[in-house]
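A.B. asks: My questions all concern the structure below.
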Amino acid sequence: MFVLVEMVDTVRIPPWQFERKLNDSIAEELNKKLANKVVYNVGLCICLFDITKLEDAYVFPGDGASHTKVHFRYVVFHPFLDEILIGKIKGCSPEGVHVSLGFFDDILIPPESLQQPAKFDEAEQVWVWEYETEEGAHDLYMDTGEEIRFRVVDESFVDTSPTGPSSADAASSSEELPKKEAPYTLVVSCPDETAGNRGAGGPS
């Protein structure tokens, strides 16, 4: 689920931090820049693990700050494909079941990856697994807040860097807001033993 990623960046340290240890100032700046941010094709950055190398620091004309090229390792959330994780159901919609790990919410179980047969209850806005037993079918509801085990089957990175307005955007109505896309999304499947426990009760 968590991996160490080697990174390189140039860190700017303002003059008022020169009295501190350089490593402490660099660690603070790196965490300010990266913590809880998604790096494209890398994953969700959690925290700095260590600094492996500091190159020479430079002070440029007109800027009293120091600029240091830093080699470091960062803890990143990036589960591998087929990894099994446990989260909590955040909500349901016709698109599928939305799952949260607490620190990461962009996880979706699409309808075709739920336990089958499954149906969406419009009245209660939940997905229901029609669990077959010898006594007949029992409805097992996937309630918000229930723990659920899931398998990672795909991931999607979206470049959300800001871009300039296009001619099409300029011609569109100012009332139309662009749909906000998540920079990193996991698409997961739900094995049979992970159903919710409301109703008849899930299998052991």
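Cβ atoms here come from the backbone N, Cα and C positions, even for glycine.
Take a look at what TrEMBL says about it:
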- 9-64: domain 'RNA polymerase Rpb7-like N-terminal' (DOMAIN)
- 83-193: domain 'RNA polymerase III subunit Rpc25' (DOMAIN)
- 160-204: region 'Disordered' (REGION)
A.B. asks: To what whole number does the mean pLDDT across the domain 'RNA polymerase III subunit Rpc25' (83-193) round?
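C.D. replies: Averaged over the domain 'RNA polymerase III subunit Rpc25' (83-193), per-residue pLDDT gives 79.
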A.B. asks: Within the domain 'RNA polymerase Rpb7-like N-terminal' (9-64), how many residues are helix, strand or coil going by DSSP?
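C.D. replies: For the domain 'RNA polymerase Rpb7-like N-terminal' (9-64), the helix, strand and coil counts are 16 helix, 24 strand, 16 coil.
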